[in-house]
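**Q** Dumping the structure here so I can ask a few things about it.
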Amino acid sequence: MLKNYNPDIKRQVILDTETTGMNKDGTPHYQDHCIIEIGAVEVINRRLTGRTFHVYIKPTRPVDPEAVAVHGLTDEMLADKPSFAEIAPEFLHFIEGAELIIHNAAFDIGFIDYEFSKLPNNQIKTENICQITDSLALARQMYPGKRNNLDALCDRLGIDNSKRTLHGALLDAEILADVYLTMTGGQVSLFSEDNENATIQHSGQFETDSSLTALQNHKNLTVLYANPEEQEAHQAFLEKINKKSKENCIWLGRLNSEQKH
């Protein structure tokens with residue numbers, strides 16, 4: 001029996017799928033369609049590990065011409081590939097217990113759960129074995145009123161996507177990993193890796209809990225200040241981030257403001 005995800009786990013899987021098409025007539029977008037490619041990359045403690053999951057899948061229906069124009073995968077190319085049922089055990093092993101990072105997660109999760117539902121005697125729901133994070137929803141919060149598809153985010157954040165001539169699940173997952181890690185560069189644990197609530201939000205405000213309040217009561221804590229060499233290295237690092245993000249590094253602005261005062 002599959003275990004529920006562990007909310008304290010540091011393992012993330014950035015995932016993308018390609019499909020035979022989608023419904024636009026009001027019926028579920030995945031109904032009577034199939035996943036034909038899955039690509040995923042593993043991140044542990046905000047570092048890419050090099051582990052990936054990538055498969056092409058033989059569908060039970062033809063690929064829509066409109067979908068072929070997007071990803072280039074034809075019926076002939078998929079004819080000798082395994083079925084979803086054949087790759088399901090390995091896929092489950094790769095994602096189980098991880099936080100899934102997906103751009104427009106409702107689309108991919110709808111397809112994944114639909115494929116799971118077609119397996120014999122199977123009641124698997126992705127939300128019961130993984131934590132799901134929608135990077136599109138996050139981008140819309142950070143950049144309201146702007147285009148937030150993958151290409152637009154790459155352009156905004158200075159990420160190279162020149163290899164993306166057609167959609168491909170593994171390539172898109174790799175690009176999304178760069179996008180997500182860049183977008184969430186400020187969301188790090190402050191006092192303890194086990195304290196998931198002690199984070200810096202994008203507004204720059206602290207999300208406090210009792211452990212942070214308790215720290216305020218320790219009058220004898222030693223405050224360590226960075227020496228000039230460390231300050232110079234920190235400044236150089238922030239300038240590198242600022243250049244990559246096209247001068248959107250809020251921490252550099254704060255540092256310069258503090259130095260003036």
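Residue numbering: from 1, along the chain as shown.
Heads up, the Cβ atoms here are built off N, Cα and C, so glycines get one too.
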**Q** Among ASP172, ASP178, which residue shares the divalent metal cation site with ASP16, GLU18 according to TrEMBL?
**A** ASP172
**Q** Return the residues near HIS167 (active site, proton acceptor), defined as same-chain residues 6+ apart in sequence whose C-beta is under 8 angstroms from its C-beta, sorted by sequence, else 'none'.
**A** GLU18, VAL70, HIS71
**Q** Whose Cβ lies within 8 Å of the mean position of the Cβ atoms of ASP16, GLU18, ASP172, the divalent metal cation site, other than those residues?
**A** THR17, GLU37, GLY39, HIS71, HIS167, GLY168, ALA169, LEU170, LEU171, ALA173
**Q** Please report how many Å separate the Cα atom of ASP16 (divalent metal cation binding site) from that of GLU66 (substrate binding site), as a whole number.
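**A** ASP16 (divalent metal cation binding site) and GLU66 (substrate binding site) have their Cα atoms 18 Å apart.
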**Q** Under 8 Å between C-beta atoms and at least six apart in sequence, can you list the same-chain neighbours of ASP172 (divalent metal cation binding site), or say none if there are none?
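**A** Set apart from ASP172 (divalent metal cation binding site) by at least 6 residues yet with Cβ under 8 Å, we have ASP16, GLY39, HIS103, LEU150, ARG164.
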**Q** Can you name the residues of this chain that are 6 or more positions from GLU66 (substrate binding site) yet have a C-beta less than 8 Å from its C-beta?
**A** GLY21
